[in-house]
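**Q** Grabbed the feature section from TrEMBL, which reads as follows:
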{"type": "COMPBIAS", "residues": "676-686", "note": "compositional bias 'Acidic residues'"}
{"type": "COMPBIAS", "residues": "695-704", "note": "compositional bias 'Polar residues'"}
{"type": "COMPBIAS", "residues": "811-823", "note": "compositional bias 'Pro residues'"}
{"type": "COMPBIAS", "residues": "824-839", "note": "compositional bias 'Basic and acidic residues'"}
{"type": "DOMAIN", "residues": "35-324", "note": "domain 'Dynamin-type G'"}
{"type": "DOMAIN", "residues": "579-670", "note": "domain 'GED'"}
{"type": "REGION", "residues": "381-406", "note": "region 'Disordered'"}
{"type": "REGION", "residues": "675-708", "note": "region 'Disordered'"}
{"type": "REGION", "residues": "743-845", "note": "region 'Disordered'"}
Amino acid sequence: MTRIIDSTLNTHGLADDQRGLLELIDKLQFAQLDNVKLPQIVVVGDQSAGKSSVLEALTGTPFPRDSGACTRFATEIRMRRAKESTLKVTIIPDRSRPQSEQLRLLQYGGHVNENTPFESLMRDAGDLIAPKGIPGRFAARDILVVEKRGPDMPLLTLVDLPGLVRVANRDQSESDIRTIEALSDRYMKSSRTIILAVIGGNNDYVQAPILRKARQFDPSGSRSIGVLTKPDLTEGIGLEDKFIELVMNEDAENHFKLGWYVLLNPGPPLHGEAWPSPAERQRREDEFFSRGKWSTLPASMRGVGALRQKLSTQLQKHIGRHIPSLRKQIQDALSRCDHELKQLGEGKDTVEEMKLEMGELFSTSNNLVTPAINGNYKNPPGEKFFPRQAISKGTPPQRLRARVREESERFARRFRDSARKVKFSDTTGASGVSSTLNGLGSQSKKDFARSHVEPLLAQVRGTELPMDSNPRAPYILFQDYAQNWPTISTEFKDNIVVICNEFLSEIIDYVWPQRMHSPLREHYLEPMMADLVKQAEKELVRLTEDMELEIQPFDPEYEERLKKWRHQATQEGQTYTEAEEVLEKMLIYYDCTARIFIRNVITQIAERYLILGLLRLFNPVKILQMSNAVVEAIAAENKQTRDRRITLKNQKHAIEEAKTLCANLAMRSDLRSAYEDDYGEDSEDETVIRRRPTAATQNNGTSLRDQETIVKSQHDLRQLEAAKQAALQYQQQQQILASEQAAALKAQQQGSPQRSSHSHSHRNGTHYYKENDGDPSVSSSRSKSRNDPPVSGDWEHYKRTSSGSEGPDVPSTPPPPPPPRPPYHLEDQASAMPRREPRPYVTRR
């Protein structure tokens, strides 16, 4: 006979205003955030432990009990309060699935009729999530969500995991067993998971896999709750007393700080009979616990009502404890989601919409290119493109002007150092540093003139008169001497192109959606950059061809340096040859021309074509010049991108709702104080519990409020003891101070001055002393003028040093000491700490 879902379950939940805690987890569960571990209760147990009966008793949902109907995936049962009774079934797909499969699973379910057999819902979901005959069907990470709402629903969420299997059988292979354990381990190892460990009373629990796993993942037992089913069968196997010790938390190895509970599962009905109703189940359970050894258990540890109350309360405390850390993780997840959505961009359908979208992207890009070229690196409002701090690895690509300047300086420096065919050892070039021969051995200018210039002059003689050299000789010599210029200039041009491309990559990554990156490069940027590079190369060819032109230098430096050289060469009767003079003319001409060439390459190649070309690259007018085919090729999106955007938008919506819920819960002082009292700091790797069980609470599952009171009392005692010690120390110091003052006054009256405990010295009419107002850890230095009254021990000295000086008259007797301070009492000070007072025995005039 088919069992129908019963929604009339009488439950014990918390107040309606606390449902936000569970709704927060629902939103995060739907958002599928990999980096956020959700606080939850997972139900784990052996396949024959009666886990399905426990779930049915807790949720009112008739889970399948047939041996061949075991679940192959996690099932999340959400129970919420509402005026109307509803049932909703959905599937949360695993994020690792392809987008098409995720959308297929998301389409499953919805609101269903409460008269729908639950077995059919489970079967349909199983066929979608893990069809039979497919390898790894037990490894499915999809989640079947069953949401029940009604006026009597508890505020509770449970995650049912596939039952653990000890031995392979017809339905589960060895591989299936391993994947089932892996699925259970994935949930149980999280410190934010409460483990509901279910064991049956029909077998000895010593070798129960679930207890072994609970000890493995929760060694302290601080987040585990034990449930014993089938207690009526323990007597038959002779282990009734042993199981009672277990649920009384007297088994040290399986001690759960959240306690143990006992439920009586209904036996299988006879042929043709229906499963017992919740009321019938409750009657049988009450009858069983009213007799025999099990009647000795406290009522708070037996029956489904006690367990449901415990789970509902504990889950909400568990969630509340993690609210602060969840709030930060939710914000991080929202930032990542926004970033990915920004990378994908907004989907457009028509060419006009695509052009509008590209126009906005062009404008944003151009607003970043301009400050990068100008070198002010000012981020436009709302943008964070230019980094604010220095980068240890070097100038970042975003700082375009700085990188171009670095490369230009490197080019100019290399040109001055390495562009010459020969560097002479006895001269200084335009760089102002001594040179050495480059590739022709170490020579002086005289040697070079004799070995290279004289043969050249003999070979280029023309119609000039005897004793005259060919006027073209310096130009011919220069063209050979400057043969490295084209190579160095080409390398500079290539480096600037690399800098520009790296900068464009940063612009694309920051501004443009991910889907447009490749098509934008392919259909627009690469052709445009290729055209700019081609123009720059043509300009460089023209500059290098200009080296063949024999143009006068038109530079006064040429004549001045040549006159200076001739003067130095003829000093002390020295002479110079024609070849030496031609060589010197060429070197002077080389220096004058090199400076012009360096500037022309930087200005005309790097700046005119490449840098300013970038400034024109993102002009929105370019979009109007594009064909529709190019616009579609750049801005249109594929189906995978559209599906991913839909998924991200749904995820963002869930995250934003979770963020709002989390913020509201974080501001709830009542929830915050309750949960902060119960738990310590949050930890991803382990559960940190501030309290430890006492002898009075260890054997009955722990009493949270009693332990809290003990911890607070111990903390108050420590504070009170510290306050008493501080008060005693202060009182002793005051007594010592009063006795010293009395002794000093008595000594003065007897005419024998004594030194007080306050050290002082007299330097140039000024008294320096240290004071201590009862606090030995505090000291200060002060100075007082000659006219200020001294402390009692220095009264006679003060009278002597003050006589004859300007200022008011000095009294003949010192001021009387103040009365001793009354004893210090805790009632006088709310903080129980000594209070600093001004010096009572120093009187100012």
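Note that Cβ sites are derived from N, Cα and C of the backbone, with glycine treated the same way.
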**Q** Could you pull out which residues elsewhere in the chain have a CB under 8 Å from any CB of the region 'Disordered' (381-406), counting only those six or more residues past its ends?
**A** 364, 367-369, 371-375, 496, 499-500, 502-503, 505-507, 510, 606, 611, 614
**Q** Please count the residues of the region 'Disordered' (381-406) that DSSP assigns to helix (H, G, I), strand (E, B) and coil.
**A** 7 helix, 0 strand, 19 coil
**Q** Provide the three-state DSSP residue tally for the domain 'GED' (579-670): helix first, then strand, then coil.
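**A** Reading the DSSP string over the domain 'GED' (579-670) gives 81 helix, 0 strand, 11 coil.
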**Q** Give me the mean pLDDT over the domain 'Dynamin-type G' (35-324), rounded to a whole number.
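**A** Per the prediction, mean pLDDT sits at 82 for the domain 'Dynamin-type G' (35-324).
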